[in-house]
Ligand code: HEM
């Protein structure tokens, strides 16, 4: 059993501390799925790899100069941005609506202020703001925030050791950002496989896509509250989750007490290689080292287990499938044209 290495023991959220530590250390619901896929395909046709060839040919290099610097200086920007992209795409589509700030004094909060998004790290938002400002300097009013987010997420996957895949561009930024639209569209740490499948299928993603995309949990961290019930009171039984490895249970309990713990403490998803984008996530699930109940459920459920076992064996297969699934996720609900969208100069505010 892989041991919890000292540098991957639970950490606190402070960025400075992170830097120091990092240095040392079913069938789809047919109608919904078909509609989502058709939607994506229609607009997908208008998206292309060379969308900005004339208007901003250096956009990918500009974004890359920011992502590579952030990767070195603030490594948590990687997982933060990848998760930000996921949360953007699942609510209103990949349209950068997650980046909009709530209007001061308004009763209606924006997406980013929904409870489900409260743990999205600021480092992801900062990375996109920096990239956008560099791009705006060179090509004012041309490149959408949504495309910058898609490119930056891809860059971080690759910088962390994961696959490089192409990002089609041409997304416009959405105008709708409402906190109330978040809860039904973002999965929870204790979601069942049935609930997860229903949600992913409703976005036009398959069971395989879901297991593959969950492999993003090969990097990054989760707060104690996301898995606390697994440590002490699983399903109200006053017992730990029997599907959690006893040594990992002990290590996690030391950092995450049942009551009164520090709310900022986080634990790595992948206890063996927490900073490397690899396929160890799946072998960890086989070894009962999944951090969230929803991670471990992918191995427990007979529908998803074969996919987990397959990916655990074959890194190349995972990389190829992950790139393809990210491309597919990146096309969910894309907005095209002035009727549906805008191009924001500052990603956090409507024009
Ligand atoms: C399958 C359903 C999923 C569930 C239930 C889920 C849930 C979670 C939770 C609870 C956290 C920890 C948040 C915190 O405590 O700060 C998290 C983190 C993360 N998730 Fe997911 N997630 C899912 C799928 C995905 C997908 C599809 C992606 C990307 C493709 C993704 C990428 C990430 C990343 C990179 C982190 C680490 C963030 C960081 O360290 O800042 N997740 N997820």
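Glycine too: its Cβ is placed from the backbone N, Cα and C atoms.
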- [ ] For the Ca(2+) 1 site that TrEMBL lists with 88, 91, 93, 95, 97, give the additional residue from the candidates 108, 111.
- [x] 111
Open item on the list: Per TrEMBL, which of 206, 218 sits in the Ca(2+) 2 site along with 270, 273, 278?
Closed with: 218
TODO: Enumerate in sequence order the recorded positions 56, 89, 93, 95, 139, 145 whose Cβ-atom distance to ligand 1 is under 6 angstroms.
DONE: none
- [ ] Indicate the candidate from 87, 217 with the smallest number of other Cβ atoms within 10 Å of its Cβ, considering only these recorded positions.
- [x] 87
TODO: Pop the Cα-Cα gap between residue 139 (disulfide bond) and residue 111 (Ca(2+) 1 binding site) into the table, whole Å please.
DONE: 28
Open item on the list: I'd like the number of other C-beta atoms within 10 A of the C-beta of residue 91 (Ca(2+) 1 binding site), please.
Closed with: 28
